[in-house]
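Colleague: Before I ask anything, here is the structure I am working with.
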Amino acid sequence: MAHDETTQRDYTGLDRLVAKIIDAFLVFGASATLAYYLVFFSRLPAWVWYPACVVALIAVGWLFRRIAGQPGPQPRPKPGSSGPLVALILLCLLSFSINLFTLRPDADEFCFYHRALHAAEHLAQPISLHHTAHDLRDLPPISPAHLLSTVEIAAALLAKALHLPAMTVVHQGLGGLTLALLPLVYFLLFRILGRDVWPSLAGVAGVLIFLALSGDTHQAWGNFTILRAWEGKCVLIALGLPLFWAFISRFMRRGEQADLLRLHALMLLSIGLSGSAFFLVPYSGGLLAMVSCLTGRANGHYWRNLARLTTVLVTPAILALAVVSPFFVAMSNFAVWSSPNFSSLRAMATVIGSPQAAALHAALSLLLLYHHWRDRRIKAFLFYAVAAALIPIMPLLDALIVKVTMAKAYWRLAYAIPLPALYGLAAACLVDRKNSKNAWWALLIVVVCLGLFVLKQPAINQRVIHGLHQYKFPPKQLVAVEHLSRLASQNAVILAPAQVAWWLGLLRPDLRFVATFPMETKHAFDNYGQPEEGIKRRQIAAFLNAPPVTNPNPEALRPYLTRASLLVLPRHAPRQAVEKALAASGERWSFHGDNAGWLIWLKE
């Protein structure tokens with residue numbers, strides 16, 4: 001336990017400050033999630049979340065104060081200069097500024113936030129058990145796990161209480177908070193892994209550089225964290241997983257009740273962030289704990305801590321039972337998440353990138369493992385990184401794992417590989433005085449190769465850099481949907497392309513749509529028991545998104561024109577054929593011009 005003694009001697013006031021901020025994040029996140037579940041499952045009106053959240057904050061805060069009142073080691077913090085504090089603040093501000101000056105819209109938020117915005121506009125009603133975006137009011141949700149996602153509800157309800165635009169709070173408030181916390185989370189991880197203060201700060205800088213460079217694919221680390229930090233699943237990857245790595249690493253060594261409490265709170269919070277936590281957190285955390293036991297020199301202390309750690313699985317087990325209970329709308333068709341040509345290698349490559357990138361990541365892992373062979377804590381973490389990379393691509397084993405994750409979500413297992421932390425550790429080595437020159441040059445070469453030869457498309461590039469903005473919407477679509485928002489009447493049903501529906505529905509959650517995502521629409525009606533209707537609406541979605549210029553057939557719209565009051569089509573749509581179909585409907589429709597590339601008709 002010599003390393004733990006060293007950590008206690010080096011414990012600083014900065015460590016205590018970071019620990020308190022992280023604890024405050026856990027307390028609020030767990031309390032907001034717990035309050036949501038109490039209100040949701042008891043079918044109380046949505047407004048009850050506010051007092052329930054206050055009560056939960058008091059209870060969880062008291063529990064943390066009682067059990068985790070002295071975060072970290074017990075000795076008095078070692079006095080030091082203000083330099084590390086200033087450096088960490090600057091790193092937090094730099095990370096925070098990424099959210100201010102980058103714009104990478106993502107339509108997935110429509111699937112999660114529309115229901116949350118609907119709840120905020122209907123505080124006197126229970127939070128909906130159904131899909132809220134389509135014109136039919138009792139469609140099943142995308143999945144039961146979507147109903148357990150709480151971060152969107154909390155953000156929308158807080159925005160309502162503050163009388164602020166909900167999506168501004170989401171995009172700028174939640175996104176900024178996530179990125180401001182990211183340096184603190186990785187600083188905590190590196191300190192728990194035994195790095196000194198300045199090497200830990202260098203490690204945080206290395207993490208930010210890696211994330212800024214990692215943009216080769218849509219699911220690359222940078223694109224999925226720092227550029228979409230307001231989405232629950234991205235918050236889970238950016239903050240949740242590294243916190244699990246930190247607390248599990250420390251708990252397996254020391255077995256403190258305070259860290260077990262933190263892990264319980266973090267598990268609850270993680271499920272509230274994303275349904276992916278049901279499989280990703282047990283996989284990642286359990287694997288790290290097992291590797292810690294195997295590298296712990298047959299120490300029974302580690303195995304006892306592993307047994308205690310299994311209590312963290314109680315929360316996901318209870319919620320998983322709730323998901324399959326009659327409380328939720330029964331769903332039988334999950335084809336939207338299946339893939340007939342599933343390949344674990346292709347799935348992992350969507351995050352890892354090219355074979356060259358995978359080779360570089362592997363080389364860095366082995367180099368770090370060689371360099372830290374005598375450091376038990378980092379060695380366990382590095383062995384975990386190697387195992388997390390190999391297990392999902394093992395033949396036969398991947399066929400078992402995919403039954404849990406489903407094919408379309410399998411790629412998220414790649415985030416269990418702690419690549420940002422590995423490059424952060426490399427950066428820490430570069431400024432650590434204890435390292436030899438050979439290690440310094442080797443790690444420097446790896447980092448240079450990363451930037452110049454492997455990650456060819458940085459996440460932060462000219463296309464995503466943008467001036468100060470209110471919403472993370474595509475600028476061209478924002479002009480159109482703001483205009484449409486003024487035209488649409490309250491609770492109107494809209495016929496619009498997906499590129500319009502996604503953003504209009506977030507500005508005006510009272511609006512309903514005949515079709516949204518084509519596959520999502522079909523999935524909803526398949527589970528509603530009307531697959532033929534789902535096929536029809538998918539065909540309508542195809543026409544709305546890309547109406548053919550030659551031989552157009554807008555007749556498919558006719559059955560839905562009686563309920564719709566606004567029609568939007570791309571500029572190239574065959575206007576004459578569309579207006580003929582509108583005239584044949586027997587109702588008066590007027591053309592409202594071309595706005596930002598969209599043709600608009602309004603029912604009179």
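Quick reminder: no glycine exception, Cβ is built from N, Cα and C everywhere.
Pulled these features from TrEMBL for this protein:
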- 21-41: transmembrane segment (TRANSMEM)
- 47-64: transmembrane segment (TRANSMEM)
- 85-103: transmembrane segment (TRANSMEM)
- 174-191: transmembrane segment (TRANSMEM)
- 197-213: transmembrane segment (TRANSMEM)
- 264-294: transmembrane segment (TRANSMEM)
- 306-328: transmembrane segment (TRANSMEM)
- 348-369: transmembrane segment (TRANSMEM)
- 381-401: transmembrane segment (TRANSMEM)
- 413-431: transmembrane segment (TRANSMEM)
- 438-455: transmembrane segment (TRANSMEM)
Colleague: Taking contact to mean 3 or more CB pairs closer than 8 A (sequence separation of 6 or more), are the transmembrane segment (306-328) and the transmembrane segment (264-294) in contact?
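Modeller: Since 3 or more Cβ pairs under 8 Å link them, the transmembrane segment (306-328) and the transmembrane segment (264-294) do come into contact.
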Colleague: For the transmembrane segment (264-294), could you work out the same-chain residues 6 or more beyond its ends whose Cβ comes under 8 Å from its Cβ atoms?
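Modeller: Same-chain residues near the transmembrane segment (264-294) but 6 or more away: 26-27, 29-30, 32-34, 36, 60, 64, 143, 145-146, 148-151, 154, 232-233, 235-236, 240-241, 243-245, 247-249, 252-253, 302-303, 305-306, 309, 311-313, 315-316, 319-320, 380-381, 383-384, 387-388, 391, 404-405, 409, 412-413, 415-416.
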Colleague: Is the number of Cβ-Cβ pairs under 8 Å between the transmembrane segment (348-369) and the transmembrane segment (174-191) three or more, considering only pairs separated by 6 or more positions?
Modeller: no
Colleague: With pairs 6 or more apart in sequence, are the transmembrane segment (85-103) and the transmembrane segment (47-64) linked by at least 3 Cβ pairs under 8 Å?
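Modeller: Touching, no - the transmembrane segment (85-103) and the transmembrane segment (47-64) miss the threshold of 3 or more Cβ pairs under 8 Å.
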Colleague: Considering pairs 6 or more residues apart, do the transmembrane segment (47-64) and the transmembrane segment (21-41) have at least three CB pairs under 8 Å?
Modeller: yes
Colleague: Hey, which bits of the same chain come close to the transmembrane segment (197-213), Cβ under 8 Å, at least six residues off its ends?
Modeller: 10, 12, 14, 80, 84, 87-88, 91, 94-95, 98, 182-183, 186-187, 190-191, 221-222, 225-226, 419-421, 423-432, 447, 450-451, 455, 458-460
